[in-house]
Structure formats: C-alpha cells, structure tokens
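Visitor: Okay, here's the structure, questions in a sec.
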Amino acid sequence: MAWRSVGANNEDLIRQLKDHGVIASDAVAQAMKETDRKHYSPRNPYMDAPQPIGGGVTISAPHMHAFALEYLRDHLKPGARILDVGSGSGYLTACFYRYIKAKGVDADTRIVGIEHQAELVRRSKANLNTDDRSMLDSGQLLIVEGDGRKGYPPNAPYNAIHVGAAAPDTPTELINQLASGGRLIVPVGPDGGSQYMQQYDKDANGKVEMTRLMGVMYVPLTDLRS
C-alpha cells in the first residue's frame, strides 16, 4: 500500500501513519503512541507489515490496527463493552483500553480479548504486564481462552466487536452479541480468496446494516482443530 513504511521507533511509525491519512484522529494516534509495539511484536515492531508472533499467528500490520480504531472509535466510550476476537499479542486490546481510559473512568468498562491458543493467551498477558501491569490489574481488561467465533457471552452485549481473522461468511453469533447501536468490523471471505473488511451496525430495533469497507487479506478464523 502507498503508506507502507518503517518507523525508527513507535512514535515515528504513528507519525507516518498520521501523515499518510491512515490515522485521522488525535485520540487514536495517542492510544497507539502509548502502546509501544515493541512489547507485542518481537520482530520488526515498527514495520508496517504483519509479523509472526508464534503459533502460526501474525500480528496485523499497524495500518490495519489504525483502521480498526478509527472505524470503532465512536463506540469506544467509558462504560462500553468491547470484544477483540483473535486478540493474539494483546496489542489492539491494549489500544482499546487506553483509548477508552483517556475518555474517562467508568467501573462498568470491559475490554475482552479472546484467543483460542493457550500459549498466546499466556504470552499476551505477559506482553500486557510488560507494557503496563495496571491494565490487567484494573479488572477492566480481560484476556480469555476460547473459540472467538462464538463470541464471549459472559460480557455480552458488546458496543464494539473487532475480529482479527477472516470469517468465511456472515458471523451471525457475533452479530447476535452486538448491543443496540453497536458495531462489528470483521474480514469476511474464503481463505486465499476475495476478502473484504465488513462493518455491521445494529440499530435500536435490532436491524443490522452491512457496509463493505475495503479489500483485505487475512488468515482464516479457526479453532485449534482446524
């Protein structure tokens, strides 16, 4: 993509993403500045490209994390419930936490990262604690092990849901866990085929509207047996 680049450090990377119009809001830029990718990506943390993090999983490119924050930012408010499916390294989950915390403190806020690989769950918690132990200690950011394709009913309904891997078709179970006024963004399409980042918005009456945002290429949303 035209904006792909390598930052000298985390702040330089965020500056470049902002200069190229990938990051539009100061609040998104600040959340990403405060969440240094070096804690979450052992290889090339400031390169704008996916990087391996173990278990056959990659951390998404920084520009895709920026897009996710921009598309969801109006739903990231104190007291909101957020679900990050396929949370992997824990990076974007931490960005959600910091974005909301900067808006104000509310005891009802819950940001849940769900990951199906036990080792990645362990590693992401270690990443978060290396970054800032107070995030997990707050009880408002949770990392859980489970099949994210089924969402996480204990904290539903969610004001915002992000999915970090491609669903083969419309993710009905996740849509069912959206709150009224909530938004889901998810890559949809077959592995190796045409995929699109799709946005699902649920209105006050439960009606869902889908908007196709852009063409993407993601690994498929799976479980350990896939």
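Backbone N, Cα and C atoms are what each Cβ position is placed from, and that goes for glycine too.
Per Swiss-Prot, the features are:
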BINDING   Val57, Thr58, Ile59, Ser60, His65, Ser89, Glu115, His116, Asp147, Gly148, Thr222  S-adenosyl-L-homocysteine binding site
ACT_SITE  Ser60  active site
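Please go over these features one by one and say how buried each is and what sits next to it.
Guide: Residue density at Asp147 (S-adenosyl-L-homocysteine binding site): 16 other Cβ atoms are found within 10 A of its Cβ, drawing on all protein chains shown.
Note on Ser60 (active site): other Cβ atoms within 10 Å of its Cβ, all shown chains, come to 25. Secondary structure at Ser60 (active site), as computed by DSSP, is coil.
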Visitor: In angstrom units, rounded to an integer, how far apart are the Cα atoms of Asp147 (S-adenosyl-L-homocysteine binding site) and Ser60 (active site)?
Guide: 19
Visitor: Could you tell me which of these binding-site residues, Val57, Ile59, has the fewest other Cβ atoms within 10 Å of its Cβ?
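Guide: Among the binding-site residues Val57, Ile59, the lowest count of other Cβ atoms within 10 Å belongs to Val57.
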Visitor: Calculate the distance in Å between the alpha carbons (Cα) of Ser60 (active site) and Thr222 (S-adenosyl-L-homocysteine binding site), and round it to a whole number.
Guide: 16
Visitor: Find the longest CA to CA distance in the recorded S-adenosyl-L-homocysteine-binding set Val57, Thr58, Ile59, Ser60, His65, Ser89, Glu115, His116, Asp147, Gly148, Thr222; express it in Å as a whole number.
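Guide: This binding site's residues have a maximal Cα-Cα distance of 21 Å.
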Visitor: For Glu115 (S-adenosyl-L-homocysteine binding site), what is the secondary structure state per DSSP, taken as helix, strand or coil?
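Guide: In the DSSP reduction, Glu115 (S-adenosyl-L-homocysteine binding site) maps to strand.
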Visitor: Using a 10 Å radius around each Cβ and all protein chains in view, which of these binding-site residues has the most neighbours: His65, Glu115, Thr222?
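Guide: Sorting the candidates by Cβ neighbours within 10 Å, the top entry is Glu115.
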